[in-house]
Amino acid sequence: MYQWDFGILWSYRWLFLNGLGVTVGFTVVIVVCGLLFGLLGAFGSLSRFAGVRLVALAFIEAFRCTPILVQLIWFYYALPILAGVEMTPITASALALSLYGGSFYSEIIRGGIVSIDSGQSEAGAALGMTPGQTMRRIVLPQAIKRMIPALMNQSIIQFKNTSLVSVLAVPDLVYQSQVAAHDSYRPLETYTAVAVAYAAILIPLTIIVRRGEKRLAVSE
Amino acid sequence: MSETSKIDIRGLRKSFGSNEVLKNISLDVGKGGVVALIGPSGSGKSTLLRCINLLVVPDGGSVRVGDTHFQFGQGTKPPDVKTLAKFRATTGMVFQHFNLFPHMTTLQNVMEGPVTVRRMAKADAEKLARAQLAKVGLAEKADQYPATLSGGQKQRVAIARALAMEPDVMLFDEATSALDPELVGEVLNVMQRLASEGMTMVIVTHEIAFAREVADRVVFMRDGIVVEEGPSRQVIDTPREAATRAFLSHFHRTGALPLANATP
């Protein structure tokens, strides 16, 4: 029978906290940037111009249909050779994860927008609104409510996907725990603690969002 | 006639793919006139109505409302979004399914046009919106969301929303078709009052008795053409064309208008 000993992890607390800080900070960056890419992708794929639609679609499918681990490695190792673009591991992984998340956000945002009944845009147009005004005032406020659960879900995946940046030696929580595990010879305790840390952040977050959804639903 | 007319439509054509929905339609509505468009479904009457405020952009012909004139067809450039928006602000439209904005209160629905399109100050827009809501008998519903209203109330809010833009003409697209029978009267009452106040109106409707009573002219359409048109009582009581007679035989043409349960 395995003898658990979590006490040993206490001496690595600063390492873990450091890693956790990097993980959370990284998530904030890739969620914000990902949402920006997502907005661009969504509006691009709904554009009146066929050329813009094609570019947006190419972006979405390129990042949606390839593994994120391959993208990370490709951005860090292949771009310098192919395009002469040198990036630090942090820049490369932030960019790859933002674009990867952005491709999924694009589809969520586009789906939310097209799910709003066309009568809503017609009513806006009949009042004399421009398509931009109709989008901002009428369609988006309704669409965002429908997008929130899916956006939240994708952001949770993004948070956990940050664990992959350890392959580029970005010192996130997983990378630091690898260090701790090798040093302490206690991988079971280390990775169990890491799993608990991820869940401890995500579970309260999901509860907050669920409450928010309920409050939004009241005004429907 | 066209010097005094408010709406002047000439040679209008529209196809959706290979389906020709409007075949060379002309329509004149005088200032303060009320025209009812009747006909079987698929006759093109809703498309014609939507061409008047260019919610549907025609393939050919011309549309004039007030002083604004558009020409369509070969050699013409389709109007840009700004021009379209400016033009539509002068026409009010009421839809079959109300299309109220569900994320806004009744008051906010009615304020939306004046505030966003006409850049009216919020306080002025609120005053205007409350007055319009009072006019359709719903002043006390100002702070409720559309989801809490009955169909008839929703449609009256939609009418108030259109009126808040102070339009030159009002277009009604089967405004009572989605309502429970007992709620039709309250909406027709509001429309009748609007007509008697001198609003220029084009009404797509299946309420033949209402058309006979309230409209000055009735236009009967079938398969994208105007089959018969004339003074409403003449067309409805003594139709000349066989197609009009066949269509009207499905309706009670006379009799009292459905009464509103709660007169606004």
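The first residue you see is number 1, and the count goes up from there.
Cβ coordinates are placed from backbone N, Cα and C, and glycine is handled just like the others.
Because TrEMBL annotations are produced automatically, they should be read as predictions rather than curated entries.
Per TrEMBL, domain 'ABC transmembrane type-1' is recorded for A:16-209.
Among residues of the same chain six or more beyond the transmembrane segment (A:20-42), those with a C-beta under 8 A of the stretch's C-beta atoms are 56, 59-60, 93-94, 97-110, 113, 151, 155, 158-159, 162-163, 165, 170-174, 197, 201. Annotation source TrEMBL lists transmembrane segment at A:20-42 (among others).
The feature transmembrane segment is assigned by TrEMBL to A:54-77 (among others).
Through the fold, the transmembrane segment (A:191-209) approaches residues 6, 9, 16, 20, 24, 148-149, 152, 156, 159-160, 173-174, 177, 181 of its own chain, all at least 6 residues removed from its boundaries and within a Cβ separation under 8 Å. Annotated transmembrane segment per TrEMBL: A:191-209 (among others), in sequence order.
Long-range contacts of the transmembrane segment (A:54-77) within the same chain: residues 37, 40-45, 47, 87, 89, 92-93, 95-97, 99-100, 102-104, 106-107, 161, 164-165, 167-168, each at least 6 residues beyond the stretch ends and with a Cβ under 8 Å from a Cβ of the stretch.
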